[in-house]
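K.L.:
Quick one: this structure, given as C-alpha cells, is what I'll be asking you about.
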Amino acid sequence: MSSNFDKWKEKKKREAAYTLKSMWKSRVQYAFLAPFAILFIVFYIAPVIISIFFSFTYYNILEPAKFIGLTNYTKLILADDIFLISVQNTFLLAVITGPLGYIMAFLFAWLIHETPKLLRSILVLIFYAPSIAFNMYMIFGTFFSSDAYGWANALLIDWGFINAPILWLTDPKYMMTVIIIVALWMSLGSGFLSFIAGLQTVGVDQYEAGYVDGIKNRWQELWFITLPNMKPMLLFGAVMAIMQSFSFGEVANMLCGNPSTDYKASTVVTHLMDYGSFRFDMGYASAIATILFLAMIFTKKGVNAMLDKVGT
Amino acid sequence: MKLLKKRKPNRSRAGDFAVYIVLALFGWFFVLPLIFAINASLKPLDEIFLFPPRLWVQKPTFDNFADLFVLMGKTWVPFSRYIFNTVFITVVGTLGHIWIASMAAYVLSKYRFPGSRAFFAIVVTALMFAPQVLNIPLYLVMTKLGWVDNVLAIIVPAFAMPMGLFLMKQFMEQIPDVLIEAAKVDGAKEARIYFQIIMPLVKPASLTLAIFSIIRLWNERASNFIYAEELKTLPYALQQIISGGSIARAGVGAAVSMFIMVFPLLFFIFAQSNVIETMASSGIKE
C-alpha cells in the first residue's frame, strides 16, 4: 500500500520535474505570450472572478464588502420585479434576435455568395456597414422620434394611417418592437464576415462530386455540402450571436432611456448598469452579471449540440 | 467538365431572380439609415424639417460642416479635443493590439508548451464576454489601478481583445512550419523570426485586427471610466449634440455622424479582401 503511494508520489514528482523542465525550455515562448496574457488576465479574467466573488457580498465601494451568502441571488429571483421584466425582455431579444440574426447572417452571406464577384464585395459592404458605423443607430432615434419630424410618424400621418404621432420610444406598447428592429439592423457582425469567407473556402470539387451524385437544387447543395463544410464558422458565428444578443443593453439605454417607461424596455444589461453605475450596489450588479455569464455558457453548449446535427 | 460550363446545373433561373430581389429588399433595410445620415448632413435647415420628410437632399450644401467648424471653436472644451482623443485612442490602441496579440498568437500557433492549449481555450470562451457585462467589475479593477479618468483605462484593455488573438492565431496556423525551421537552421532567433518572417506573412490578419479594433475604438463613447470632459471622445460629443435637442444643431449632428461613420467605412473598403481572407480561418474547431 505504502509502496504504491510512494510510487505514485515518485511518478508525480517526475512529472512535475518534467513539466518544469519543459517550461524552462519554453521561456522564450512565455516571454512572447506574457504581455497579452497579463493584460488578458487583468482586464478579462479577473473581472469575471471578481464578479463571482462580489456576487456573494454586499459591496458599495465605500465600505468594505460584507459577506451575505446567496441573498443577492434570492432577492433577484424572488423579490425583484424589474429583474423579471429584464429577464423577459432579454430572453425575448435573445430568442428573436439571436437565432434570427444568426440565420439572417448566414442566409445573406449565402445569397451574396451566389452573386458575381464584383457585386459581391459591394453587397458585403452594404450589409456589414451597420456594424462598422454602429453608432449610427442613434439615427433611429430621429427616425422614431415622437414629434411629427420623426420619419415613422411623419410618413404614417402623411399616408393617413394615423392622426396623432405615436410615442415610439416612450410607449411601452412599441418600445420593444423598435429595439428589436434596431437589434436586427445591427446583427450582421463578424459572424457574417466569417460565413462569407467560409463559403469561399468550400472546394469546387465537392460541388462537382455533388452534381454527379445527383444533387438537384441549391437547397440540397446547401444542406448536404455547404453547411457540413462550414461547421467551424457556424460555431464561431454562434458564439458571436450569443454574445451580441444577450448583452443587448446600450441601445435600449440610448433610445428609450434608463429607466424607460415603467421599466418596460429594461434588459438584464440595463438593469446591471442601473445597479452598478447609479446605485453602487456592486454585489447585486455582480450577481446579475454572473447569471448572465452562466446563461451565455449554457446557450453555447446547447448550440454546440444543435450544430452537431447539421447535414445529417 | 462540360457540365460546369456556364451556369451551375442545379440553379433555376427563377431562383437566381429571387436571390437578387431578396438582396435588394434587405440591402435597403441595412443601408437606409446610412443614406439617411449622408443626406441629412448635406441638407439645409429648411429641408431637414420638411413635412413630409424627403430622403434625398434637394439643394445640397456644406453649411452643416461649416457650422461644425464654427462650433469647434466655441465649445467649452475645444471640439478639436474630442477629435484628438478619438484619433489618439484608436491609433495607439490598434497598434498595441496588433503587436501584443500577434506576439502571443505566434507562440500559441507554432509551439506547444505547458498551459498553451488551456490558455487558448480560455481565450475562445472569452470571445463571449461582452464588454457591457464586464464593465462593472472592470470599474473596480480600474479604481485599484488608479486609472479612472485616464485614457489608459480604454487603451490598455483594448490591447488584449480576445477576438484579435483568436483570429491571428487561426491565421498563423496556415504558415508552414518549414519556414520557421529553415530560419532556425540559419541561426535566426525567435524575435527575428517573428519580425522578419511571421509579421510580413500575416499582413491580411493584421489589417483585420486593425479594422475590428478601429470599429470598436473609433466608436468608443468613453462613458464608463472617463468623467473629465477634456478626455471625452467624438461619439460622446455626437450624443451630446443630438440629445441636446436644440433644433439649430440638428444639421451639425448629422455632420458629426458623417464624420464618425466615414473613416472606419473607408478603412473597411480598403481592407475588405484581406478581411475576407483572414475570416476564412476564423472557424472554431471542437
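Positions of Cβ are set from backbone N, Cα and C atoms, glycine also.
Feature table excerpt (TrEMBL):
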- B:20-42: transmembrane segment (TRANSMEM)
- B:82-107: transmembrane segment (TRANSMEM)
- B:83-271: domain 'ABC transmembrane type-1' (DOMAIN)
- B:119-140: transmembrane segment (TRANSMEM)
- B:152-172: transmembrane segment (TRANSMEM)
- B:193-215: transmembrane segment (TRANSMEM)
- B:247-271: transmembrane segment (TRANSMEM)
K.L.:
Are the transmembrane segment (B:82-107) and the transmembrane segment (B:247-271) close enough that 3 or more Cβ pairs fall under 8 Å, when only pairs 6 or more apart in sequence count?
P.N.:
no
K.L.:
Checking distant contacts: for the transmembrane segment (B:82-107), what same-chain residues at least six beyond its ends satisfy Cβ-Cβ under 8 A?
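P.N.:
Answer is 113, 116, 151, 154-156, 158-161, 164-165, 168-169, 171-172, 194, 198-199, 202, 205-206, 209-210, 213-214, 217-218, 220, 222, 231-237.
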K.L.:
Same-chain Cβ contacts of the transmembrane segment (B:119-140) under 8 Å, 6 or more residues past its ends?
P.N.:
108, 148, 157, 162-163, 165-166, 169, 224-225, 284
